[in-house]
Amino acid sequence: MGNHSDGSPNHSGTVATAGQNEVEKFQDPGLPPHRLRLADTDPVAAKRAERQVAILFGTSVIGTLVFLVAYFAIDLGDDTTIATIRTQNLLLGLGTAFAMLGIGTGIVHWAKALMPDHEVSEERHAIRTEEDRQAAVRIVDDIVEETGIKRRPLIRNTLLGAVALAPLPALAIFGDLGPRPDKALAHTMWAPEGGKLKRLTRDPDGTPIKASDVTIGSAFHVIPEGLNELHEGKLNEKAKAVVLLMRLDPNSLNPSEGRESWSYNGIVAYSKICTHVGCPVALYEQQTHHLLCPCHQSTFDLTQECKVIFGPASRPLPQLPIAVDAEGYLVATSDFREPVGPSYWERDEHERLINS
Amino acid sequence: MSASSTAEAPFVPKTKVGSFTNFVDERVGGSGILREFGRKVFPDHWSFMFGEVALYSFVILLMSGTFLTFFFDPSMAETHYQGSYTPLYNVEMSVAYNSSLNISFDVRGGLFMRQVHHWAALLFVASLGVHMLRVFFTGAFRKPREMNWVVGGVLLILAMAAGFTGYSLPDDLLSGNGLRIIDGVIKSIPVIGTYISFFLFGGEFPGTAIIGRLYVLHILLVPALILLMIVIHLFMVVVHKHTQYPGPGRNDGNVVGYPLGPVYAAKAGGFFFIVFGVLALMAAAFTINPIWNYGPYDPSPVSAGTQPDWYIGFVDGALRLMPGVINNFHFEWIVFGHTLTLNVLLPALVPAGIIFTVLFMYPWIERWVTKDNREHHVLDRPRNAPTRTAIGVAGFTWYCVMWAAAGSDLIATHFHVSLNDVTYWLRTLFFIGPIIAFIVTKRIALALQRKDREIALHGRETGRIVRLPHGEFIEVHAPLDEYKRYKLVGFESPAPLPAQPNEHGVVTRKEKRRAALSRWFFEDRVAPATPAELEAAHSHGHHEAIEAGDEQKSLSH
């Protein structure tokens, strides 16, 4: 693009650093001359623009009618199908869209084509004048003087003290928003009740699971026995107690010391609540024996006691110790040996409590 | 108000409209208000539209939201669905979810209003964000508008709060899992996290209180605060008068544009209907948040590929990017017998904290660096403030990397790549993306400035090739008229401001830091062309085209 014939040194460079402000600048030529539009000079064009605006407003009327027809003519009786609702939604939406866009585009077109488009210049005024400032200072001084607050420090100090304390009840009154956490997060429904071990049952119907039903490679979503019969706090209990049950080749499990008896014949049960922020770890990759949380992709390896092998979780999924009862059903031999779900400040304390 | 122009007779109005307006005028002084605002000048530019989109989206949110409250029941009591959506018939669910389904399937126009409301919410936050980007990149936050920038930032946070509280209300599976993630994040807060969680949910998650509480926040507290902030925001816009883009006839002492009545009012008023129309079109044709597909909230299932609404995405993405374990280093620590779970706490708080801290402080940072205490009413073209523009793009890139990370699983499944690789790449980009963006943006801005100089001094290319008598070919450049030229040269290019001693003659350490920052801001600069240079360019001859970007040489160091 350039022309090298000039041969002169670099012209396009900048002026060096400082002193630039002293260099003469281009003068502001002022507002450019106004250009007339076609509709300003040609009455035919103006008439055409007028018609266009009227047509747009007319479109709006049609849109309103479409809405009303769609609202009253389409009946949502007891036997409505999704298709009817979709049709009505589409027509109501299109009606509204045309009603609004007709008015909107009509007005804007009117403004742009027919209203004067002279740009005008207006002076800005000082946001604050010195005169106002001085007057304000005098007023404030007078006010302070009249209250006498400077001369009477006792009044000022007691007022400050009173005002500082007054919001405390406003804070305290929110104290009953919730109960104290206490040890609620340390326990789940899996704890044996009255010496009776809880059976592992299917989510959501609550039927117990026989060990012989769990074939190698299969996985079950599990809830504790009795959960569905709860009347209060069912979801609270479910949010802590859900478990994934899987059966692997027993040789691929590598139980650590003390956990050898927590599985049965290659069947293992792990908490389904992610130790990251609590999503259900719902994806089981049968081939790799990985559990994946669909929310933030934490990945746990079943063959390493659900150790974190990828993603944002930092702790393995808690394991539920299981066995088989006399009738061949899977049962939990105890509650989880650590709190389930996301970490919290008192978690370590609770874990020590459970194991003590 | 519009009718009051007919009330010309000061004492005895002649028409009915006149006597009505006169009645009001005598009691509230409408004439004075109209005199002040009726012809107030507003500059016009397409980029000033985003704030309007946000305002109008909010109005539409209020209208559609009010309709929804007539039918929504924020109770978490259990019920069995008896409505007309057969796949969920007799399924156990909360009353809140039940009423959301009824709004969708058994209230005529209910689905439409729900979709308008949701789309408007997405547009509200989006237009706020784009509006703030516009304000940032054009330097509109400078004196006297710093406080209004802060109000805007507060509005952005409130808009996200409004969005999230509303998103959770239908109590469907998707929003319930969203709440559970929030619960997990809250529990990671040291010392008080567990208490906050129990107080918010009224006990253990999910409890039976949260929907009702979020409902009050969503329909009362948050919108009231938003409304208050909008009033403050617009009040300050009136006090400051609007900024304007640079150009001939525009300076810091005036405001050039259209009078409020009729042109500006008509365009702005008409635009409300356009925004409403576009939202209605979206609600008509594009399904948003089909809660009937997700089912009621149940702590056990979760769908793959779930996403939060877009504005929460960057936090969710940060949560995904943070590794919980690197080799054998765990980010969860036991400190004096207490659990500190940095793998949740850091990504949830730190990136958002940095973004909003820098956002709120930026006007003061730049003011401190430049020591510029003048009022600015003429905007910067982004290229004319290369470092600021580069900072903005770097921050935006950082945000976008986190945002993209919220869809890492979808990126992996759509493009058939490994999820782990996507995450590794995004983790890398999290650190180097902003740096690359900064360098590239700054270079582009400087290049555009040099192009402006070139055009200002040598005119525009005409595409006409002329052969000179001695055989040389040149392209003829047409000089610009003075108005177009002024647009290219009428800007300031601040130079680095060296450290200056204070009143005791001491150059403080803080001042040295400021000087270093000033150098970093302004050492690469392209000064506007001057009349002398134009003169020189012309006298150099016949040709108008002179090598423009002698690359680095044209930058003063």
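Every residue gets a Cβ built from N, Cα and C, even glycine.
Quantities reported herein were computed from a predicted structural model and do not represent experimental measurements.
Going by TrEMBL, these are the annotated features:
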- B:535-557: compositional bias 'Basic and acidic residues' (COMPBIAS)
- B:20-246: domain 'Cytochrome b/b6 N-terminal region profile' (DOMAIN)
- B:534-557: region 'Disordered' (REGION)
- B:53-72: transmembrane segment (TRANSMEM)
- B:118-137: transmembrane segment (TRANSMEM)
- B:149-169: transmembrane segment (TRANSMEM)
- B:181-203: transmembrane segment (TRANSMEM)
- B:215-239: transmembrane segment (TRANSMEM)
- B:271-292: transmembrane segment (TRANSMEM)
- B:344-365: transmembrane segment (TRANSMEM)
- B:385-404: transmembrane segment (TRANSMEM)
- B:424-441: transmembrane segment (TRANSMEM)
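Below 8 A, the CB atoms of the transmembrane segment (B:344-365) and the transmembrane segment (B:271-292) form no more than two pairs separated by six or more positions in the chain, fewer than 3 in all. Cβ atoms under 8 Å from those of the transmembrane segment (B:149-169) belong to residues 61, 65, 72, 74, 96, 100, 117, 121-122, 124-125, 128-129, 131-132, 135, 140-141, 175-176, 178-179, 182, 210-211, 214-215, 217-218, 222-223, 225-226, 229-230, 232-233, 236, 289, 308-309, 311-312, 356, 359-360, 362-363 of the same chain, restricted to positions at least 6 beyond its ends. Contact count against the transmembrane segment (B:385-404) (Cβ pairs under 8 Å) is highest for B:424-441, out of B:181-203, B:215-239, B:271-292, B:424-441. Counted over residue pairs separated by six or more positions, the transmembrane segment (B:53-72) shares fewer than 3 Cβ pairs under 8 angstroms with the transmembrane segment (B:424-441), which leaves the two as not touching. Counting same-chain residues at least six beyond the ends of the transmembrane segment (B:271-292), those with a Cβ under 8 angstroms from any Cβ of the stretch are 49, 52-53, 56-57, 59-60, 85, 87-88, 97, 100-101, 104-105, 112, 114-116, 118-120, 122-123, 167, 170, 172, 174.
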